[in-house]
Amino acid sequence: MPTAFPEDSVGLVSPQVFRFSEPLALACGRSLAEYELVVETYGELNAARSNAVLICHALSGHHHAAGYHSPNDRKPGWWDSCIGPGKPIDTNKFFVVSLNNLGGCNGSTGPSSANPATGKPYGADFPVMTVEDWVHSQARLADVLGIEQWAAVIGGSLGGMQALQWSISYPERVRHCLAIASAPKLSAQNIAFNEVARQAILTDPEFHGGHFQERGVIPKRGLMLARMVGHITYLSDDAMGEKFGRGLKSEKLNYDFHSVEFQVESYLRYQGEEFSGRFDANTYLLMTKALDYFDPAAAHDGDLARTLAVAKADFCLMSFTTDWRFSPARSREIVDALTAAKKNVCYLEIDAPQGHDAFLMPIPRYLQAFGSYMKRIEV
């Protein structure tokens with residue numbers, strides 16, 4: 001537990017709540033009459049309001065991207081390795097905004113929030129969200145903050161999809177777009193993984209059609225299984241082999257179906273158990289559907305270059321060699337489309353054994369490349 005924070009930490013941070021009363025029309029045909037977004041900021045907004053950077057989170061992410069909420073916190077925010085003084089997203093230079101998206105379960109309005117119409121948790125009645133919906137809500141947040149244009153919009157995985165959507169939906173409001181370990185749309189295999197995870201939740205007897213909160217229960221087993229499946233896809237075979245191999249938890253096999261015998265089994269069960277205690281099942285369903293639905297090129301008969309033709313930002317794409325969830329080939333699809341659309345783009349394929357989760361890790365080559373690009377951004 002830190003008693004003094006590292007010099008390159010943003011230190012103690014406090015979330016802010018922004019309330020919106022103007023209805024937000026959604027892609028599903030419904031709307032949210034009112035909603036709240038939980039936000040953290042790091043660094044200072046300059047007088048010209050030209051140094052603001054938006055951080056978009058991935059599936060299980062949230063607003064707490066850097067720093068500590070308490071001196072007793074065991075861990076900093078989820079992207080602390082990249083945000084702070086002297087780090088790639090340098091808070092001595094940039095004013096950084098990070099939020100929990102609508103539909104999340106970390107304070108922003110979502111399935112676990114009270115439905116104003118009933119006074120009960122929304123549960124399964126919360127509307128399905130899309131990446132476009134999130135970007136529109138983020139644009140409203142920017143308006144409230146007085147930010148007309150982002151110096152950069154940055155995200156990894158699902159966050160990278162939001163960054164791309166920003167460049168399409170609000171081309172005048174983004175100077176640089178950084179999409180890391182991302183994709184222009186999900187493959188059939190990725191949709192399949194998400195469906196297996198959803199079925200694990202939907203078929204849990206404690207799910208109760210999404211209204212489990214009213215019964216005082218949670219679909220723990222379903223969430224555990226969903227997280228276990230997802231976590232396998234976030235790591236590479238090499239990373240799992242190096243970390244666990246075929247190591248046993250105890251010295252011998254038990255020859256039964258109930259014991260936790262292999263170290264990798266123990267790890268997955270721990271991850272599932274921890275996740276099911278902090279994440280909302282309806283939010284998990286919602287986030288995976290937003291991933292599945294993301295396909296901006298569909299508006300132009302699948303032509304991604306035509307879709308990106310409206311963008312005015314400069315782009316930086318990064319991928320990792322062992323990421324098989326969003327492989328380098330998926331980032332190259334975006335690069336090829338941007339090149340065809342005659343946009344400024346740089347692409348970095350980073351040799352890293354960690355798989356998809358590499359974008360969250362303090363890999364020196366990655367941090368150096370990331371920081372080099374961010375230094376080019378004028379504020």
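Placement of Cβ uses the backbone N, Cα and C atoms for every residue, glycine included.
Sequence annotations record features per position, and here Swiss-Prot assigns active site, nucleophile to Ser157. Using a 10 Å Cβ-Cβ cutoff, Ser157 (active site, nucleophile) registers 27 neighbours. Taken residue by residue with DSSP, Ser157 (active site, nucleophile) is part of neither helix nor strand, so it is coil.
If you take the C-beta of Asp323 (active site) and look for same-chain residues 6 or more apart in sequence within under 8 angstroms, you find Ala181, Ser236, Gly355, His356, Ala358. Annotation comment: Swiss-Prot describes Asp323 (among others) as active site, evidence class sequence analysis.
Under the heading active site, Swiss-Prot lists His356 (among others). Note on His356 (active site): other Cβ atoms within 10 Å of its Cβ, all shown chains, come to 24.
Annotation note: Arg227 (substrate binding site) sits in a helical segment as assigned by DSSP. A 10 Å cutoff on Cβ-Cβ distances gives Arg227 (substrate binding site) a total of 22 other Cβ atoms nearby, all chains included. Residues or ranges marked as substrate binding site in Swiss-Prot: Arg227, Asp357.
Swiss-Prot lists 51-360 with the feature domain 'AB hydrolase-1', giving sequence analysis as the kind of evidence.
Taken from Swiss-Prot, the feature site 'Important for acyl-CoA specificity' applies to Arg325, supported by sequence analysis. Counting only same-chain residues at least 6 apart in sequence, those with a Cβ under 8 Å from the Cβ of Arg325 (site 'Important for acyl-CoA specificity') are Ser157, Asn190, Thr233, Tyr234, Gly355, His356.
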Inset, instruction - May I ask which residues of the same chain, at least 6 positions away in sequence, place their Cβ under 8 angstroms from the Cβ of Asp357 (substrate binding site)? - result: Tyr234, Leu235
